[in-house]
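Structure first, then comments.
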Amino acid sequence: MARWAVFAGLTALVLFVLLALARASQSTIDDTSSAVDDASAVDDTISTVGDGSPTTEPVPSRRDEDVPPDSPLDHDDRDPIEQPSAGPDRTRRSPSFSTGALLANVALSQGLFAVVLVGGAWYARIPPTALGVRTAPLSTGLPALGIGIVVGIGLYLVNELGTLGANAVGIETPDALRESLAPDSRAGWIVLLGVVLPTIAIFEELLFRAALIGALSAGFGLSPWLLAVLSSVAFALGHGAQGTIGMVATGGLGFVLAGAFVLTGSLLVVVVAHYLVNALEFAVHESLGVEWS
């Protein structure tokens, strides 16, 4: 007999930890962005002051007054490397994690969460059908794969149109998180597209669609559409690092994926669609460098 309450409790715990980590990530990214903005402001100030004329005569130092011009002490023989920098120390303001470390952190953390959920489903004896895994072709066969591809490409195009519309009315869409995860080598791209993004898609769909909609609906008789709305809100909150606009867009994306899960009853459909949205964003904007705006 399935232990629905046990699995529901485990799902709630994973969701709570995920939202807490998302909140911490949002604070870190906000702090980094503020530091970069401050550094830019200092650069602008230094540039402006350097271009203007001094308003007062320079005050000679005691060393300049006391040392004769032809004295050996009149020359600064310090190594140029030891000279103080006129600009801000950007090394101190740079993020503490490299792109590789960020990719590894994302893959390991979300992979661990996925293992916890799968292990919990096994322990609680949750039937695979409640999680959207059936033997029917529409659930795990080529038809499900095809539907996922169509939904994924469609969501990507809608997302791009939404970004264009937002930019047209002066709303800036944040892309700092995507840029921080973009690799700078072929091996990095292989890891991103072949390991990290599939792991993200599998875990997030397992949590937000299979567990929060499929399992809770089957185990407690709740409306799947009500659960779709609630899970989409949680999905948006879990992407707080993307900013307010990003959360709104992600919430809408989550509801479409939730609707696809309810209508098809297939976990594979939403995993494929989710993966394609992320992969196309990285490939088009970060690999090809295309900016529609």
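Including glycine, each Cβ sits where the backbone N, Cα and C put it.
TrEMBL does not curate its annotations; it predicts them automatically.
Remember, predicted model here, so these are calculated numbers, not experimental data.
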### Query
Which stretch does TrEMBL mark as transmembrane segment, out of 28-53, 210-235?
210-235
### Query
In TrEMBL, which of 163-185, 255-277 is tagged transmembrane segment?
255-277
### Task
With the transmembrane segment (210-235) as the reference, find which of 102-124, 136-158, 187-203, 255-277 contributes the most Cβ pairs under 8 Å.
255-277
#### Entry: Stretch-level contact, the transmembrane segment (187-203) and the transmembrane segment (136-158), CB cutoff 8 A, at least 3 pairs
no
### Residues of the parent chain within Cβ reach of the transmembrane segment (255-277), under 8 Å, 6 or more residues beyond its termini
129, 131-134, 138-140, 144-145, 147-149, 151-153, 155-156, 159, 197-198, 200-202, 204-206, 208-210, 213-214, 224-225, 227-229, 231-232
